[in-house]
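Working notes for the structure below.
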Amino acid sequence: MIQALLVAICLAVFPYQGSSIILESGNVNDYEVVYPQKVPALSKGGVQNPQPETKYEDTMQYEFHVNGEPVVLHLERNKGLFSEDYTETHYAPDGREITTSSPVQDHCYYHGYIQNEADSSAVISACDGLKGHFKHQGETYFIEPLELSDSEAHAIYKDENVEEEEEIPKICGVTQTTWESDEPIEKSSQLTNTPEQDRYLQAKKYIEFYVVVDNVMYRKYTGKLHVITRRVYEMVNALNTMYRRLNFHIALIGLEIWSNGNEINVQSDVQATLDLFGEWRENKLLPRKRNDNAQLLTSTEFNGTTTGLGYIGSLCSPKKSVAVVQDHSKSTSMVAITMAHQMGHNLGMNDDRASCTCGSNKCIMSTKYYESLSEFSSCSVQEHREYLLRDRPQCILNKPSRKAIVTPPVCGNYFVERGEECDCGSPEDCQNTCCDAATCKLQHEAQCDSGECCEKCKFKGAGAECRAAKNDCDFPELCTGRSAKCPKDSFQRNGHPCQNNQGYCYNGTCPTLTNQCATLWGPGAKMSPGLCFMLNWNARSCGLCRKENGRKILCAAKDVKCGRLFCKKKNSMICHCPPPSKDPNYGMVAPGTKCGVKKVCRNRQCVKV
């Protein structure tokens, strides 16, 4: 008993080395076991500072050893990780959209640094122990809890000690760039900038970031929503740190999990997937949830060794401010680097060339991904700067939440902060006649300075259209006469006839078999004759209603138009089966589709409206 106690005491005080272990981030062949000790935060008078009643503290300190030397890790909660209007969306088995909007305040995601080290940084989640990475004496170390009986044991290791999951390095899928040679980029002289350009460059910028997790990734983590959300939070927390040096703040405004099947055809052709995701963002996502940039996370393997793709210089574009990223590693840090790389393309950066350098040996925009990447190269910084001055994207000047402000508000920095009614820049630059640039207050008798329902500094009259109806199932939105904002999008009730009685409204759309055939096969494709749909009742055909545990379930006779979608194309068979796909919903009749008189498809059954 005494001997066991002495061993436990030694382990708590002196770290020990390990040769090989399987951790959450992968197989590690050399690591150090440490026991981080929490250090109470003291005020100047030596009295412990009281903090509000929360599960996770705003600031924390931990002491442990690295290579035998003591270090103190300072952590500060990333209060701006979530936008004030952050939402989470997933889908019920019957296709219903389920969105929750409770604010995430008491979370466990931190940024930090090592005490007494100028060039130090840390990205840590403290949900169950300490997990993440920190920079110490110029090297990147990773830390995560060990699954031992002693819950305080942690492993510390370097990225070179993580065994590669595959021999082939992961690369970016971008092949077209905006540079023409491999010559080093010459820095533009600051003297060529106007004062207005300098103020724009220096203004803090914000990206309201929306993440979509596809159905393949959802199933990879066996449908455990809490596991997926925590994984995404860790990635975005790391992403935030990487963009701090560019004066950008990434705020997560929404997380959507396609739990009931993919909303687009996610395929191994990464360019096709990117194009479809961009169209989905423009046509489906933006009408219901504003965001500046969106990324699709998928566990689908793209062709070759590609792990992601993003449009170059496209931020704020409704269709092209997007990227797709493969969840290609157990390590959230590794996937976060891929996310940062693809977002870099949206922000005007190309893949680095041989002449590009950064403080570390490997830069974020390198064509190959490494776990210790944390800096943008000189090329990336210059390309990004030139893109900002050339395109002047405006969506990044809108701060996601007034309540999230940590620093005092600054009048004249182009975004409205606590206590301000407007902000149009400095008095010299302001071109908004509704706003007093000196005070950041509205001019006398002005009611507003911007918004869909603001015109000549006054609210538009009640009844003025501010958003046109998109289709038969959408209502036009009208100004109230009391606000500059356009009211939230509203839809016709589900079940209302649409498109000359070809369909019934469903969540703001009018799904019909003909439209779905055109989407699947291209213009000119039409719904097959009703006889073809009887194949969904025939065990020997490609028809079915759904699959359960890999077993094909046929439709009942009354439900045949709610199973497999059959279309006819020019010069083709009349009963044309969709091509095979790993996505269980690909080529299936969409929920809400008309399947009879006053009947629609719901959960693969034809039911009354």
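Cβ coordinates come from backbone N, Cα and C, glycine included.
Record note: Swiss-Prot gives Asp292, Cys395, Asn398 as Ca(2+) 1-binding, and the candidate from Glu147, Glu152, Glu160, Glu208 in that site is Glu208.
The record in Swiss-Prot lists a disulphide bond between Cys358 and one of Cys356, Cys363, namely Cys363.
Looking up Cys479 in Swiss-Prot gives a disulphide bond to a cysteine among Cys448, Cys453, Cys510, Cys517, identified as Cys453.
For Cys555, the disulfide partner named by Swiss-Prot from the candidate list Cys545, Cys567 is Cys545. When you check Swiss-Prot, the disulphide partner of Cys454 from the set Cys448, Cys457 turns out to be Cys448. Disulfide annotation in Swiss-Prot: Cys510 is bonded to Cys498, selected among Cys498, Cys532. When the candidates Cys434, Cys435, Cys440, Cys473 are compared with Swiss-Prot, only one is recorded as disulfide-bonded to Cys457, and it is Cys434. Of the recorded positions Val410, Cys424, Cys486, Cys567, Cys575, Cys567 has the largest number of other Cβ atoms within 10 Å of its own Cβ.
Secondary structure from DSSP puts Cys555 (disulfide bond) in coil. The CA atom of Asn507 (N-linked glycosylation site) is located 24 Å away from the CA atom of Asp292 (Ca(2+) 1 binding site). Here the CA atom of Cys575 (disulfide bond) lies 61 Å from the CA atom of Asp423 (Ca(2+) 2 binding site). The Cβ of Asn303 (N-linked glycosylation site) lies under 8 Å from the Cβ of Ser268, Asp269, Val270, each of these being in the same chain and 6 or more residues away along the sequence. Proximity note: of the listed binding-site residues (Asp292, Val410, Glu420), Asp292 have a CA within 10 Å of the CA of Cys316 (disulfide bond), given in sequence order.
With every protein chain in view, the residue among the binding-site residues Asp292, Glu417 whose Cβ has the most Cβ partners within 10 Å turns out to be Asp292. A straight line from the CA of Cys358 (disulfide bond) to the CA of Glu417 (Ca(2+) 2 binding site) spans 34 Å.
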